[in-house]
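Structure first, commentary second.
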Amino acid sequence: MFKNVYNWIDERLDITPIWRDVADHEVPEHVNPAHHFSAFVYCFGGLTFFITVIQILSGMFLTMYYVPDIINAYASVEYLQTKVAFGQIVRGMHHWGASLVIVMMFLHTMRVFFTGSYKAPREMNWVVGMLIFFVMLGLGLTGYLLPWDNKSYFATKVTLEIANSTPVLGPVLKELMQGGSIVGAETLTRFFALHVFFLPAVLLILLVGHFIMIRRQGISGPL
Amino acid sequence: MAHEDNSKEKIVFVGDSRVRRGNGFVPPPDYSAYPGKSEAFIPNFLLKEWMVGVVVLVGILVLTISEPAPLGFPANPGATVIPVPDWYFLFLYQYLKLPYASGDYIVLGTMGVTGVAFGSLLLAPFLDTGRERRFYRRPIASSLMFLSLASIVYLTNSAWTEYKHEMAATGQVPEDVQREEKAAENRAKGLPTSSAVQAKEVVIVDKEDPAMAAYQKAGCVACHAADMKGAAGPSLRGVGDKHDKAGIITIIKEGYNNKMPPMYDTAINAGLTDKDIDHLAEWLAKQKTEQ
């Protein structure tokens with residue numbers, strides 16, 4: 001039954017090469033911790049992706065309750081944290097996951113750097129990886145404001161002051177992010193839009209590029 | 001993404017990149033094509049990855065259950081709070097406080113050193129172009145990275161120590177701790193535990209007054225709604241804050257700013273007397289936010 005359905009689709013769309021390319025590859029000995037324990041350093045990239053998936057899923061559930069306006073944002077987060085069943089767990093996963101994804105990404109970057117894996121022919125993948133790093137930092141920065149408590153409010157004020165100190169572009173940049181002359185309602189909706197739509201979209205595009213490149217080039221050889 | 005056999009390109013990858021492109025036919029990658037102990041990704045290696053994933057997931061869940069995500073008090077621009085960014089920005093935050101990265105030299109701080117550091121990280125493959133991959137054979141790249149790592153650790157630590165000191169010196173307790181304590185206290189007393197700012201609804205003053213009936217009858221409801229919260233016209237709750245009795249009578253008789261037509265005749269036709277209208281205006285003037 002399933003085979004017939006699969007064959008029917010495959011005849012028309014030739015989907016076999018797509019998944020075979022993902023599924024049918026060899027994992028070489030030098031990255032397999034089962035053979036050399038020190039190869040656990042090669043886990044960090046995969047773990048970064050794993051935690052990114054957790055972030056996306058938990059974030060999707062958080063938006064079911066979160067209200068991005070200055071009157072209700074705090075109240076909705078508090079309600080989520082104290083009243084909603086498992087809300088504390090989901091918010092906790094998103095909060096701690098945000099830190100862990102930075103840790104994992106940092107370790108992955110260090111592994112790639114110290115094994116020299118960014119060298120020719122993998123320069124482009126390194127650049128895309130660094131862009132992913134910056135997008136992740138952007139996600140951390142914008143997400144920090146969303147609970148709209150004093151800590152996030154004052155940290156964002158400082159961040160925007162720093163952005164303001166950039167020569168020439170600074171004031172424009174600050175006003176663009178702030179959506180006006182003060183940190184207020186418009187800032188919150190802008191950060192929300194960046195955190196939930198713009199940055200994740202960029203992140204997903206970059207991740208696809210990162211993965212296509214690693215499949216095309218294969219993992220770098222042993223030292 | 002199959003690679004063609006007859007490719008004339010300089011670099012050709014065949015599955016695992018250790019396999020050089022040979023002369024003539026290159027067999028498609030399978031187990032026998034690789035030296036050493038390579039493994040199929042599906043299912044062998046994926047199973048191991050899955051196990052690592054499960055362990056990590058359990059770790060995250062243990063962390064979330066034992067340490068709930070912090071939440072302070074609602075943002076209040078008048079509050080005195082020592083601003084602190086998320087921990088992974090602490091090093092940058094602390095760095096921008098250094099004398100030669102702040103004040104008059106802030107451009108050096110934001111664009112100069114930070115820009116060069118992140119820029120060279122982004123472009124590392126084009127700066128470190130040698131073929132050598134081992135880090136101890138690339139002393140410049142490696143020592144720059146070690147130096148950066150050491151300064152990140154140092155700056156993060158000093159930022160956090162400074163923050164702790166400031167908190168202790170000003171006698172402040174982190175707001176998430178305060179909120180927890182307050183909630184626990186209120187819970188013990190059976191009071192609401194929320195710290196959210198409750199929006200106060202302006203109430204109708206003297207709702208039982210006959211003027212309420214006159215308000216309905218005179219046709220005011222068409223624009224200001226039966227609950228006085230406004231529809232096409234503005235809300236009349238708390239209207240006494242803006243207009244006194246005489247002002248309200250003028251508005252009824254002459255309209256308001258070309259937005260509200262004169263309603264006096266409509267009210268008279270609906271059966272109200274001058275006395276009723278006078279009383280209605282008096283009652284509306286009593287509609288104040290605070291009593």
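Each residue, glycine too, has its Cβ placed from N, Cα and C.
Record features, source TrEMBL:
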- A:5-223: domain 'Cytochrome b/b6 N-terminal region profile' (DOMAIN)
- A:39-67: transmembrane segment (TRANSMEM)
- A:96-114: transmembrane segment (TRANSMEM)
- A:126-146: transmembrane segment (TRANSMEM)
- A:191-214: transmembrane segment (TRANSMEM)
In this predicted model, what is the average pLDDT of the domain 'Cytochrome b/b6 N-terminal region profile' (A:5-223)?
93
In the same chain, which residue numbers or ranges, 6 or more beyond the ends of the transmembrane segment (A:96-114), come under 8 angstroms Cβ to Cβ?
41-42, 44-45, 47-48, 51-52, 54-55, 58, 126, 129-130, 132-133, 136-137, 139-140, 143
Where else in the chain does the transmembrane segment (A:126-146) make close Cβ contacts, counting only residues six or more beyond its ends and a cut-off under 8 Å?
66, 68, 73, 77, 98, 101-102, 105, 109, 112, 118, 152-153, 155-156, 159, 187-188, 191-192, 194-195, 199-200, 202-203, 206-207, 209-210, 213
